[in-house]
Amino acid sequence: MVRDVPLLALSGVTKTFPNGTVALAGVDLTIQPGRVHGLLGANGAGKSTLIKILSGALAPTGGDIRWRGERVSWTRPQAPREAGVATIYQHIPLVPTLTALENILLDQRAFLRHRADDRQRIGDVVASLGHPFDLDDLAGDLPIGARQMISIAQALAGGADLVVMDEPTASLAGDERQTVYDTIRRLAREEGKAILFVSHFLDEIMALTDEVTILRDGRAVLHAETADLDEARIAETIAGRAITALGRRKTRSEPGPVRLEVDAVASPGKLAPTSFTLRQGEILGIAGVLGSGRSELMHAIFGADAHATGTVRLDGAEIGRYTDEAVAAGLALVPEDRAGQGFVPQMDIARNVGLGVMAQSGAGVRRVDAKDERRCAENAIRRLGIKTPGPHALVTELSGGNAQKVVVAKWLTDRTRVLLLDEPTAGIDIGARTDILLLVRGLADEGLPVILVSSEFEELLAICDRILVMRDGRVIGEADPNETSETDLTLMAGGGDRAPAGAPA
Amino acid sequence: MTRTDDLPRIFGLREAGVYYALLILLFALAAIASSRGLPPYLSGQNLGNIAYQASLIGIMGVAMTVMLITGAFDLSVASVAALSAAVLVGLAGSIGFVPAVFAALCTAAAIGLLNGAIVQFVGINAFIVTLGTLTAVRGLVLVLTGGRSLMVEDPDVLAQMLAFESTRVPLFIAGILLSAVLLGTAVWKRRPLMGAAGLCIGALILLAGPGFAVAAPVIYLAIFTLIMWALLGFTTIGRRLYAVGGNAEAARLSGINVHAYKLGAFVLSSVAAGFAGVLFGSRLGAINPTALQGAELTVIAAAILGGTSLFGGAGSVVKTVIGALLLFTLTNGFNVLNLGANYQGLIEGIVVVAAAAIYTVGGQRRVGKPKRADTAPDAPPVSEGASA
């Protein structure tokens with residue numbers, strides 16, 4: 001349904017920052033009502049800048065934006081919102097101490113609050129979303145999926161015609177994602193809203209969108225109907241090269257001696273007693289959705305859970321139940337939330353990388369060798385292909401994929417004897433993802449035992465020797481990657497009945 | 001390692017502002033003094049006085065900086081210092097000077113441990129806990145002293161105290177040497193800031209003249225600052241402290257014993273306050289129960305002037321000492337030049353807020369947009385089969 005006048009048309013939009021960085025080098029984008037438009041690109045391709053321009057947070061330095069055919073220049077966030085563009089960010093800015101209703105009404109201008117018709121109106125909007133939450137629930141008490149719904153409701157209550165969604169599903173579990181998908185489809189088909197959907201997940205782009213625009217290096221390098229594309233083509237266009245398809249690991253290494261023994265490790269209320277062993281050079285996958293206990297298992301093994309019980313032995317020696325003892329013994333954890341748990345924002349790359357070897361050398365006082373630290377960081381930058389001006393850049397200045405590489409680099413030392421990776425590829429672009437997975441495979445081939453937690457089952461199948469499937473805080477089975485399909489894993493991890501994750505079994 | 005392209009940052013307002021502020025203030029006051037025909041302001045006597053007046057706050061400020069780096073807060077320092085002084089003055093007559101110092105420092109350490117344990121293991125915010133101990137410890141001082149001033153009667157002990165606190169140390173030769181060492185290291189290691197510091201110290205020492213001497217507390221402050229500066233900058237302890245304050249969870253998952261470092265900062269802060277109290281008690285051999293009341297705010301102001309972040313993960317002990325010197329130069333200038341003591345509080349408050357504003361605005365500029373290292377604008381658009 002192509003109309004004469006598109007809802008929103010960008011032509012040749014550019015954005016150059018005062019420091020000379022060219023974030024957008026001329027982007028054309030046309031958005032039609034009633035259609036879901038996918039926007040893809042690697043980290044640093046310009047997606048975030050484009051979204052900020054559409055939401056009025058940044059002003060473009062050149063080009064033309066037309067809203068319903070009229071040229072507009074939005075320089076403050078209220079302007080696009082009043083015109084009918086609502087933006088839903090990945091990290092949802094809600095006030096946790098206010099109710100859902102109050103949060104939805106936050107951006108309304110009316111002076112008096114809680115008028116009955118407001119409540120009625122918002123109630124209708126929420127009902128049209130399928131009642132994902134109660135109006136009087138506190139936003140802070142709601143699961144993340146419901147909070148996502150609050151911001152969608154906020155967008156609709158504001159009368160938006162175009163809803164821009166920045167990776168709305170990145171932090172959601174399977175069934176919550178499904179709710180978001182259904183909502184998006186209904187908004188486009190039944191209410192004629194236009195959706196600009198930004199995502200890293202190729203499968204949801206394929207399933208959900210009508211047309212796709214791909215950004216690379218600040219330009220729109222591809223615009224096509226989704227039906228004319230396939231995932232491989234999209235992935236290639238994003239990366240700008242034919243990615244070395246991460247095929248399944250053909251040559252499995254010979255099983256070496258047992259290195260790590262996990263014996264009845266449990267955490268009250270979060271993790272049922274779990275036992276397994278890990279061999280030299282083996283990559284053990286943990287498949288599970290959010291809330292299945294996979295991170296809890298990692299933390300319990302790593303001594304990061306004060307309530308955990310059970311024993312962990314590395315090469316026969318029992319490891320203490322605190323992180324400093326685990327690290328000194330040679331365990332290394334790349335945690336799930338890289339900004340919250342992975343790096344220290346005030347420190348540069350070299351110092352963050354240096355944290356790993358420092359902790360592995362024990363708690364004693366030693367001189368910090370700045371030159372050595374810098375050399376290690378430079379090695380890591382080369383080995384992992386971290387895109388940065390140098391080892392003294394702050395990690396916060398890097399894109400997500402590069403920041404994650406810094407967190408991984410922290411543990412690329414001689415003293416790392418077991419590597420635990422908790423969702424190392426979440427929310428990063430396909431290029432960085434491939435780099436990290438190839439690195440992990442290389443480390444395992446050199447003999448390092450690895451545990452890899454991922455909700456990208458395709459990754460697990462590609463590089464793991466063995467896969468444990470977790471659900472509801474326990475291991476429910478083991479899968480052989482040679483004989484298992486992604487669908488099988490999804491069914492096992494999600495439960496055939498798609499029971500909500502974390503619900504009592 | 002310093003690179004030349006870092007020069008604008010190293011000498012920028014955010015990094016070096018507090019040094020400029022102190023120098024500008026010193027020379028402004030010197031200019032006013034000479035224009036009014038007063039004795040030279042930058043005399044050895046007066047510079048020594050400023051350093052002496054700033055020394056107690058400086059010692060507490062250095063420990064407070066370590067505290068703030070770990071992301072916590074200690075409001076109780078002035079009360080702890082008063083308690084330590086009371087313990088010293090109360091016990092010195094009966095058990096002797098050195099054992100009384102030991103008792104005073106142990107008392108202070110115990111309060112630090114208590115503060116830290118409540119914050120870490122009960123999980124109450126450090127602001128609230130130390131606000132409580134600020135009041136409670138001051139109450140304890142009143143209980144111990146019965147609300148009256150205490151003083152040391154024994155003349156021998158009094159003499160020991162004075163020797164500990166009021167000995168004057170000639171500093172002309174040492175100052176010239178320090179300046180030379182700084183300049184030498186600056187050239188050798190290519191550290192421009194250190195070179196500038198060497199030049200300034202050398203110039204001030206020459207201005208002060210060969211008779212330049214300072215009281216012992218200034219030396220104690222210098223030694224303490226040097227130790228903490230080296231610990232923070234060059235050892236794994238310092239690195240861990242910064243990591244704990246920058247992101248405690250990341251530090252914990254990197255195998256750092258976060259509790260130990262946070263607890264250690266509380267104990268250090270209290271022991272430093274206790275030492276400041278020992279110096280304060282030794283100064284007059286007497287203690288008034290309201291002594292040092294409100295000094296904790298001056299301590300925190302000095303740390304803020306030095307650019308220490310209240311959110312943890314950043315701060316420099318040297319700059320905190322400079323911040324303390326700046327505050328006491330203001331006070332001293334108002335007194336010596338008789339500029340109207342009524343304006344003093346107003347000016348000091350404005351200086352602190354202005355400093356914080358410079359650091360905040362400068363900080364936002366530093367953490368600007370990420371630079372893209374992968375600029376490849378030659379990528380041709382893939383347009384075949386696309387409905388452009």
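Every residue, even glycine, has its Cβ placed from backbone N, Cα and C.
The transmembrane segment annotation in TrEMBL covers B:17-38, B:50-73, B:85-114, B:126-147, B:167-188, B:195-213, B:219-242, B:263-282, B:294-313, B:320-337, B:343-362. Marked as region 'Disordered' by TrEMBL: B:368-388.
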### Message
Which range wins on Cβ pairs under 8 Å with the transmembrane segment (B:195-213): B:17-38, B:126-147, B:343-362?
### Response
B:17-38
### Summary
Beyond a gap of at least 6 residues from its ends, the CB atoms lying under 8 Å from the transmembrane segment (B:320-337) belong to 18-19, 21-22, 25-26, 29, 32-33, 36, 38, 41, 46, 49-51, 53-54, 57-58, 61-62, 64-65, 221, 225, 298-299, 301-306, 308, 343-344, 347-348, 351, 355
### Query
Near the transmembrane segment (B:343-362), which residues from the same chain, at least 6 beyond its ends, have a CB less than 8 A from one of its CBs?
12-14, 17-18, 21, 301, 304-305, 307, 323, 326-327, 330-331, 334
### Query
Is the transmembrane segment (B:126-147) close to the transmembrane segment (B:17-38), in the sense of at least 3 CB pairs under 8 angstroms with a sequence gap of 6 or more?
no
